[in-house]
Amino acid sequence: MNALTPTVTVGELPASRKIHKSGHIHDDIHVPMREISLHPSAGEPPVTVYDSSGPYTDTNVRINIEAGLARLRENWILARGDVEWYEGRRVKPEDNGFAAGERLTPRFPIGNRPLRATGGRAVTQLAYARAGIITPEMEFVAIRENLGREQLRDKAIRDGESFGAAIPDFVTPEFVRDEIARGRAIIPANINHSESEPMIIGRNFLVKINANIGNSAVTSSMAEEVEKMVWAIRWGADTVMDLSTGRNIHNIREWIIRNAPVPIGTVPIYQALEKVGGVAEALTWEVFRDTLIEQAEQGVDYFTIHAGVRLPYIPLTVDRVTGIVSRGGSIMAKWCLHHHKESFLYEHFEEICDICRAYDVSFSLGDGLRPGSIADANDRAQFAELETLGELTKIAWAKDCQVMIEGPGHVPMHKIKENMDKQLAVCGEAPFYTLGPLTTDIAPGYDHITSAIGAAMIGWFGTAMLCYVTPKEHLGLPDRDDVKTGVITYKLAAHAADLAKGHPAAKARDDALSRARFEFRWEDQFNLSLDPETARSFHDETLPKEAHKVAHFCSMCGPKFCSMRISHDIRDAARQQGESDKGMAAMAARYREGGDLYMPVQATGAGSNETGSR
């Protein structure tokens, strides 16, 4: 590798190893999971957890960023017999913002000859599901979602409120197929991103999270963005959106996709805007269409399309406190007002569907009129757009395109459930994908927390995927540390939602960590946590010695006031008392049988004829 080649974080997480589970319908499926080993004193098997980190945490795989990842799905795609290789479009100077010379990011070393559908067919997971076909991707995600359920199948306790969701005790490939056929779930899986490990987004599956990355006109580079992607999935991001807005968009995206084991999403209008010099009024359908094909050929798995921002809705935002806060929404609003015409995204939506169905690019129908402050939450502009997104969902479904719906935004807690209820009703239960929502506007620097509160709630109510928010929200471009903080915070929110919904296996990891905590197995506590490094670091700030890793206290309470240590003493005393109580109970029972207060002493040796004494 040369000096321009990015280096990325690799290696196992503490006490962890990568394992794979094989398919039954399709025998070439090997689904990755992470196994966390426990201390022998626990007397428990390893804890298996969902793993989206790809081969970067597999010590048996050699990572070469210049070669990209193995093409896991390529044979599955070709075996279906409905795609063809073709030359594809040539990369144009405007694809990279006219960057040249030293300012041009090097192209990915290996050329990517694209695939597309033959004969106008739909090569989408929705089309296959409607035809009754269980694809390898569907079996893959069924195995992935069943994490931990095999062991709990006979004793799972459904403790939660799912608000009408249909979460099964056990996920079968047929259940996955049926949910996709109904439009209630999607598997974002572009046929040109065969490196990706299939995952599913839907109300009746584990709540997923997305992490945003991307360069801007003033900061960041290809090396940083590739590492941010790898870093985000290491900590649990299920998908990654590349929201690049500066130069080199095409080349940076190619490096990301070729090395991404998770679905990659984009907002194509950002790159289209760069192609016309950043002038929204200069955008045309032709430029946007060319950008869609460019990105579909590269392997983008889902597009955010702000086709719900219509000319009649723009006046509804005039009296808002914060107006239109979506970048894509504001671009299209400006175009509509300048030309006094309906959005070309709305007018050409069926043509957009024809492009997406030829590559299996899923729709993420954008909420360009989402509220940017709690004062604007649930207003007419927001819900007018939502109604249009429901209309567009039906058009996309008619074309066999997979769809999810984007949601707000900034919403106070008491208005969150209305968003979920309206989306389910208006959009036919298509998966909901929300940014938070942020529940208050007073905490710049802490918006990962203000939004995680809303994210946990709306995830509980039925949202299928949560878009993370970092501490830099509203303030600047997130760096590597911000990405980790955002991902961990949203993994917490998603997991809390799974627990509240009564997911059959959600609490297995919680219970394992709780037992480790009560038994003072400090290393197990660290390793079972979402962020072992931070947990260990905080503990070691005050108790750094190895001997402290077996101590029956921490620095919060010390040895004399540790409630759990006291609980152990109480438990031991209760056991001793229990033995005494058992003896007393036995004596009482014998008394009731014989009716005498003084019972005979039992013989203590051979030949004894003593019957008692008064």
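Note that Cβ sites are derived from N, Cα and C of the backbone, with glycine treated the same way.
Curation does not apply to TrEMBL; its annotations are automatic.
From the candidate list GLU179, GLU391, GLU406, the residue TrEMBL records in the substrate site shared with ASN212, MET241, TYR270, HIS306, SER326, ARG327, GLY328, ASP367, GLY368, LEU369, ARG370, TYR433 is GLU406. Model confidence over the domain 'ThiC-associated' (13-84) stands at 96, taken as the mean pLDDT rounded to a whole number. For the substrate site, whose annotated binding residues are ASN212, MET241, TYR270, HIS306, SER326, ARG327, GLY328, ASP367, GLY368, LEU369, ARG370, GLU406, TYR433, the maximal Cα to Cα separation is 20 Å.
Sorting the domain 'ThiC-associated' (13-84) by DSSP state (H, G, I as helix; E, B as strand; all else coil) yields 13 helix, 20 strand, 39 coil. For ARG370 (substrate binding site), the Cβ neighbour count at a 10 Å cut-off comes to 27, with all displayed protein chains included.
For GLY328 (substrate binding site), the count of additional Cβ atoms within 10 Å of its Cβ stands at 24 [all protein chains shown]. Around TYR270 (substrate binding site), taking its Cβ as the centre, 20 other Cβ atoms fall within 10 Å, counting all chains. Other Cβ atoms within 10 Å of the Cβ of HIS474 (Zn(2+) binding site) number 13 in total over all chains. Neighbour count (other Cβ atoms within 10 Å of the Cβ, all protein chains): 23 for ASN212 (substrate binding site).
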